[in-house]
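Shown next, in structure tokens, is the structure this report addresses.
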Amino acid sequence: MRLLLCLIFLVFVFNFALSTVHFKDTFDNDWESRWVVSDWHKEDGKSGKLVHTAGKWFGDENQKGIQTSEDARFYAVSAKFPSFSNKGKDLVLQYTVKNEQKVDCGGSYIKLLPSKLDQSAFDGESEYSIMFGPDVCGASKRVHVILNYKGKNHLIKKEINKVETDQLTHQYTLVISPDNTYKVLVDNKEIQAGNLADDWELLPSKQIKDPKQSKPVDWVDVKEIDDPEDVKPAGHDDIPASIVDPEAVKPEDWNEEDDGEWEAPTIANPEYKGEWKAKKIPNPEYKGEWVHPLIDNPEYAEDNELYLFNDLGAIGFELWQVKSGSIFNNMIVTDSVEEAKDFSEKTFVANQEAEKKMFDDLEAAKAEERKKADEKLAAEKAAEKEAEEADEEEEEVAEEDLVKTDDKKEEVKKSTKKVDHDEL
């Protein structure tokens, strides 16, 4: 048993040692020497600026990525690496993205491109080999997997809706294998897998309808016909759809001079049977649904190398973001799933817990600040109300004192008049 485990370990180490990493980037301080920002939309001022940052919350402040920093802008940046073919090997594309802005409309996908890419002119029309990653806009949330086959871009037929929309870092992984299968993983968990031929319309149909065949003119495909022996009953069409309500009575206060001649209301006729239609019977001439004969499609050619990309030489982001704030990092292009997993453990996994804790602490602090602000506002409003009530009370007291003073003056006046009168 121990020998078997040792052999398995040696095979793993051997395969790991033979793996090739075509591209890897964690965006150190020298990242701009490897990445080229496109001139796309610079003239019209719609090109967004990328900044080098770990963001507002992180697991490791030294693990920085590139962040979109301006809203409603286009972003296009790329890096090149030695051209390679994935013939006979797995192709693994992996990267992380953190949408600090709580994205509501914007792409966060990555592209693998051919080596001929003109980096300064890189834009939405540039040819690419693979486009992969999340895209969010309103209610639409999906992971794109678009493959270029023979010069045409093909979107995966299945909806991959497992898009993380919180404000933490998430990792997206695409694996394409020589047996023409694929896997999509989010945070190292498989969310989609299948066969390239089944899940993309890369190949034309094996069979097509024979263009030389058409349904015979005498083909009967009507299942039922009217019963020729069924006859419409006499007087059927004479029955009206509505009749005068026999229970209706002219109101006692009805005045024909003022109200006009009274007419009884009508009701649906219970005897009315609607438009007469003959009963249906099975059609004795019915031959069934005509099926168009199929022939082999002359355009179809089997391809056992749907997975193959002969010239991969660049990687890049070409995005439109309504709301900026996405941070991209930890990219790897390799032929080894194990290599990608190891890279993930050292970068993404190692910082997940610490990043979430920092985020939660910041959110808790914000909540506490909001609570204090609300309490302060409530206290200020209560103080204002109390002051208003005190002012109103003072005004009432002042009015009462004024009335009392006026009453006293009136009494003095009356008393003076009385004295004067008595003296007279």
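Our numbering is plain: 1 for the first residue shown, then up by one each step along the chain.
Using N, Cα and C of the backbone, Cβ positions are placed for all residues, glycine too.
Over in Swiss-Prot, the protein carries these features:
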type     : residues      : note
COMPBIAS : 386-400       : compositional bias 'Acidic residues'
DISULFID : Cys105-Cys137 : disulfide bond
REPEAT   : 191-202       : repeat '1-1'
REPEAT   : 210-221       : repeat '1-2'
REPEAT   : 246-256       : repeat '1-4'
REPEAT   : 260-270       : repeat '2-1'
REPEAT   : 274-284       : repeat '2-2'
MOTIF    : 421-424       : motif 'Prevents secretion from ER'
SIGNAL   : 1-19          : signal peptide
Give residue numbers and ranges for long-range contacts of the repeat '1-2' (210-221): same chain, 6 or more residues beyond its ends, CB-CB under 8 A.
283, 285-290, 292-295
Can you count helix, strand and coil residues in the compositional bias 'Acidic residues' (386-400) using DSSP?
15 helix, 0 strand, 0 coil
Take the repeat '2-2' (274-284) and count its residues per DSSP category (helix H/G/I, strand E/B, coil), listing them in that order.
0 helix, 3 strand, 8 coil
Sorted by position, what residues of the same chain at least six away from Cys137 (disulfide bond) have a C-beta under 8 A from it?
Asp104, Cys105, Gly106, Val322
May I ask for the residues of the chain that lie six or more residues beyond the repeat '1-4' (246-256) and have a Cβ under 8 Å from a Cβ within it?
262, 264-265
Mind giving me a neighbour count for Cys105 (disulfide bond)? Other Cβ atoms within 10 Å of its Cβ, every protein chain shown.
14
